[in-house]
Amino acid sequence: FFYRIKIITFIFPFLLILPQMERGVAKVIGGDPKGNNFLYTNGKCVIIRNIENPAIADIYTEHAHQVTVAKYAPSGFYIASGDASGKIRIWDTTQKEHLLKYEYQPISGKVKDIAWTEDSKRLAVVGDGREKYGAVFLWDTGSSVGEVSGHCKLINSVDIKQTRPYRLATASDDTVVSFFEGPPFKFKFTIRNHSQFVNCVRFSPNGNHFVTAGADGQIFIFDGKSGEHVGSLGEEKAHKGGIYAVSWSPDSSQLISASGDKTVKLWDVGAGTAVTTFNMGSDVLDQQLGCLWQKDHLLSISLSGNINYLDKNNPDRPIRTVKGHSKSIQCLTVHKHDGRSYIYSGSHDGHINILSNDCFSGKGHSNLVSKMVPNEADELVTCSMDDTLRYTSINKKEYSASDVVKMDFQPRSVSVASGGLSLAVCIGQIVLLKDKKKVFTLDNLDYEAEVGVIHPGGTTAAVGGKDGTIRLYSIQGNTLKDESKTIKVSGQIMDMAYSNDGAHLAVIDEKKVATAFSVADDYSVKNEFYGHHAKPVTLAWSPDNEHFATGGMDMMVYVWTVADADKRIKIPDTHRLHHVSGLAWIDENTLVTSSHDASVKQWTIIY
């Protein structure tokens, strides 16, 4: 028997996914020819955002390898995206399903850039490869319409003049720019103005000019038709650091450039001078690796992954900064405050995000956040692979050095209860804390502890082991006493949690079994639940205490009914091609899920 289910995926869930960034590597942002959307990549996903309201977003997840670049066709009906294996997928933008139109393998290595001709019939693809570093072909047959040659190292950037006669230019790590005429596109000559890597080449919308930008801090201007050098931007150099991206204004009179010197500059191309310099900060994460000029919007991307909406009238403060995660989300929790629910997520790089385009200020965790839970003092308690527990004030939204507890070993999980209690399960150690201070430690364990939870009453701690055994400890004052009471399940314990009323303990194990134990009946088995095809990794109780959800490596989420193992709700493909990493309930009908695709989704469950 299956419950009737209505699942609603809101559009805002993808708010958290930022571009995946790498220091010293340019990030290409694609623009919608209609001016409504922009797109970028993260992991195996392409993210499409509304430029007016970036909370409205869509995601494409069909690549088998890391996606490196995506570009709209000038018609606006298709997007071409390239991945680390050299594969190009051309897919529909008008339907929610994003149906695949064509798939090609033009090069054998990572795709770095894509360009379309203005009639949306031809594509140029460049990057890394064994035999060649680029290709030009017809979009509907894959037939070659020229040869990309003239380079001896990987090609970073390509662009095609959007007016006839067509011209094509490429920029490479070999410090040169190649110029082509076509179609069919044929190599004409090499441009050797740069002294270091050339990171970007872009034609103006009207086709009169193209510019090249490099790691030498220089931007050179060339005639769009002949390829003749006509000038440069700035005096000695355009930027003090390497330049990673440029983007033209719609009227072709100005452009913006993004640099590792932590600035974005707005240029008057005719005069060759900077009109405005946007200072983006002083931290290394404020380096600017990508930019886009779309309609009236000037966007840049920081090394942190933050997307900045630049303000010409106030160059030191962006109009808006889109924040979130650029690495996979590892854990999730919900905290209610002043009648509102706030979703917190922690990622692989130690970043914690609040799902309202916000985050804590100051310096937080420096490594993967493995577990998070709010306590009764309105603090977010988190444990991390940086060997610390943190107690961060939810109201102040600020990290504090005084609220960090350094652990002897790496913590795997943390649980809280009333009275200021916390339980941290570390590799080879169990630690009881009270009011943010260690009060008791269990060392030299004869088993490998994986996860621990405190009963809501604060009297019992349950610790699950790799051996498939749960050991119960009584909390007596500031000590843990082994009660010699054990509970056996079928395999290594992946996660477990007490219901909010303390009546049941739910456990998931590597053998794909979920089990509910009745606390009042001496932890006897209430029910066992089967359904996952791969091991479940996360578990969360509904506020109604009658249901709990599990999510796993099979990309599925199940909502189980404690009293009846046959009454279950299945959400398949919760996060397509990515396993579920976190679960939390906003209320008894609203479930939130997170995944390694760096997204958070909200589901409405009707029983």
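Backbone N, Cα and C define each Cβ position, glycine as well.
TrEMBL annotations: computationally assigned, not manually curated.
These features come from TrEMBL:
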SIGNAL    1-26  signal peptide
REPEAT    60-101  repeat 'WD'
REPEAT    191-232  repeat 'WD'
REPEAT    236-277  repeat 'WD'
REPEAT    529-570  repeat 'WD'
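Within the chain carrying the repeat 'WD' (60-101), a Cβ under 8 angstroms from the stretch's Cβ atoms is held by residues 20, 28, 30-34, 39-48, 107-120, 123, 125, 127-129, 139, 162, 576-578, 597, all 6 or more beyond its ends. Per DSSP, the secondary structure of the repeat 'WD' (236-277) breaks down as 0 helix, 23 strand, 19 coil. Per-residue pLDDT, averaged along the repeat 'WD' (236-277), amounts to 98 for this model.
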